[in-house]
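Annotated domain 'Dihydroneopterin aldolase MtpD C-terminal' per TrEMBL: B:8-115, in sequence order. TrEMBL lists B:GLU16, B:MET112 with the feature substrate binding site.
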4 protein chains.
Amino acid sequence: MPTDTTPTDAEAACFEAGIKFGSLYHQFAGTPVSPDSAATLESAIEESIENQPHCTAVTVDVLTDELEAELADATADYTELTGRFLEVEIVIDYEGCEVVTRMEMEDGYPLMRLESVRDEQSH
Amino acid sequence: MPTDTTPTDAEAACFEAGIKFGSLYHQFAGTPVSPDSAATLESAIEESIENQPHCTAVTVDVLTDELEAELADATADYTELTGRFLEVEIVIDYEGCEVVTRMEMEDGYPLMRLESVRDEQSH
Amino acid sequence: MPTDTTPTDAEAACFEAGIKFGSLYHQFAGTPVSPDSAATLESAIEESIENQPHCTAVTVDVLTDELEAELADATADYTELTGRFLEVEIVIDYEGCEVVTRMEMEDGYPLMRLESVRDEQSH
Amino acid sequence: MPTDTTPTDAEAACFEAGIKFGSLYHQFAGTPVSPDSAATLESAIEESIENQPHCTAVTVDVLTDELEAELADATADYTELTGRFLEVEIVIDYEGCEVVTRMEMEDGYPLMRLESVRDEQSH
């Protein structure tokens, strides 16, 4: 008997959440950033990704403590944005299904993971 | 009664598939490309994204007919890579769950969508 | 007799100006942008590139009229940042040599050009 | 007496060289790369940037020894392309003026510099 492989709304919502994370990271990684320019960059990243479909909320923290620690030993006063200076939360709503996702460092890698998937339709 | 919002393996597989699509698009959109350099760029994009976790296969077509049509009326002999010059298929395998995704133009937008989600564990 | 091929300060200043333009364009092209998010993105681009060495001032205009015209016929309410939505002026100061550069559309291409090179040292 | 601030051909050539370097770095920094995918990526970067106007030759070395050293201690088998894994030479010819530029690491930063500026017109 063939299995139905049609994606559910919850699966589509998770796919959309992944797209936003990949977009955010690969659009903005490499951006020159300093403690002084971090706040404006946070807002620009949030507003940019919130333009994308089904994206309810994006919260970006550029970790200025980590930036300052990196720059304390450096000859320059800025560096390139990369995963170890970023914490991100993205909330997706797709056809009544809400997905919450986060990116944080784990073992030296920026790990993107699904926090929760809540399908309003199923109640 | 609280609902369980823990993601399933299939949902996690769809999230991983989305990450790869967002990464691919926002890493390589904007790359200078011509009909002559298209084939090498296709291979580089495929091999680059296949490095990412759980990514079984990436197939990239840079649409050289579309490139040539665009450049026929132009003063330059190259342009920037963007969605209307790209068709992409990505296959993800996450914990025995296989997800197939595609990107194609639809109504003038590069539409990324889930084709199928097949959970081997459920048999 | 061998020719001296050592770069002058004015030439080095022009090289620095080019780096900033290439960086700005290829870092931010592809960013999702709408009329509502344009102003924050302008500030973030300016502050980001001003972090780079020898960069005195960056002025970015995201052309919201052009954005609105593009989106009037579209099914989406955002698009990707590209040259036809951007006007940029960058001022470089390198060892007392001031270079002014601009990017504007010309014949359908984003043309980056040197406006003026002023070497304070030569007076 | 007003000073002439019109750029020379040599200055314009240096500006073009800078554009190529900024483009190359900010287009491709962040690309997922492993020792196995490095050679294809090198070719794609070279061919991509050689599309740009006045660009005679681009030579890219992805430093696989440095990649392998980085990955020896890592849980993943790929990383993101960044300056410390790259050596680049770009040759520009603008109106008979040849500019040679290089990027190498210096004090932990990817330093882009002008090697030589040779104006054929002046002989």
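Cβ atoms here come from the backbone N, Cα and C positions, even for glycine.
Keep in mind that what you see is a predicted model, and the values were worked out from it rather than measured.
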Excluding near sequence neighbours, so keeping only residues 6 or more apart in the same chain, what lies with its CB under 8 A of B:MET112 (substrate binding site)? B:GLY18, B:PHE21, B:TYR25, B:THR101, B:ARG102, B:MET103
Name, in the order they occur in the sequence, the residues of the same chain whose CB lies under 8 A from the CB of B:GLU16 (substrate binding site) and which sit 6 or more residues away. B:PRO53, B:HIS54, B:CYS55, B:ILE92, B:TYR94, B:VAL99
The domain 'Dihydroneopterin aldolase MtpD C-terminal' (B:8-115), counted residue by residue under DSSP: helix, strand, coil: 48 helix, 38 strand, 22 coil
Need one number: mean pLDDT over the domain 'Dihydroneopterin aldolase MtpD C-terminal' (B:8-115). 95
